[in-house]
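A.B. asks: Questions regarding the structure given below will be posed in turn.
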Amino acid sequence: MAVTRTALLVVLVAGAMTMTMRGAEAQQPSCAAQLTQLAPCARVGVAPAPGQPLPAPPAECCSALGAVSHDCACGTLDIINSLPAKCGLPRVTCQ
C-alpha cells in the first residue's frame, strides 16, 4: 500500500513538473528546461573507452544545443567549475 501511494505521488509530481515546464517553455524556456532538452547528447557527453573515437552527435543533439542560450550555457559551466572548491576538491584542469 505504501509503495502504491509513493508511486502515485511520484507520478503526480512528475506530471505537475512536466506541465509547469511546458507552460514556461511556451513563453521563454528556463535554463533548466533548455538543459533538459540536451538528453539526445548524453551518449556523446561521456568519454569513450580508451582508443575509441568520440561518436558523432545525433542531429537532435545539435538542434538542442543550438537552442541553449549563451547565458544558460555559460552559467552552467560556471556552476560546474565552482563545484570542486565548494566540495573541498582540487580544481579540475583539462588539456
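Cβ atoms here come from the backbone N, Cα and C positions, even for glycine.
The disulfide bond feature in Swiss-Prot is assigned to C31-C72, C41-C61, C62-C87, C74-C94; the stated evidence is similarity to another entry. Per Swiss-Prot, the feature signal peptide maps to 1-26.
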A.B. asks: When a 10 Å sphere is centred on the Cβ of C62 (disulfide bond), how many other Cβ atoms does it contain?
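C.D. replies: Here the count is 13.
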A.B. asks: At 10 angstroms around each C-beta, which of the disulfide-bonded residues C31, C41, C87, C94 has the fewest other C-beta atoms nearby?
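C.D. replies: Among the disulfide-bonded residues C31, C41, C87, C94, the lowest count of other Cβ atoms within 10 Å belongs to C94.
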A.B. asks: Non-local Cβ contacts of C74 (disulfide bond) (under 8 Å, 6 or more apart, same chain)?
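C.D. replies: Spatial neighbours, sequence-distant, of C74 (disulfide bond): none.
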A.B. asks: Between C62 (disulfide bond) and C41 (disulfide bond), how many Å separate their Cα atoms?
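C.D. replies: It is 8 Å, counting Cα to Cα.
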A.B. asks: Compute the C-alpha separation of C61 (disulfide bond) from C31 (disulfide bond), stating it in Å without decimals.
C.D. replies: 16
A.B. asks: Cβ-Cβ under 8 Å from C72 (disulfide bond), same chain, 6 or more residues apart: which ones?
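C.D. replies: Residues satisfying the criterion: C31, Q34, L35.
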A.B. asks: Which number gives the other C-beta atoms within 10 angstroms of the C-beta of C61 (disulfide bond), all protein chains shown included?
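C.D. replies: By my count, 19.
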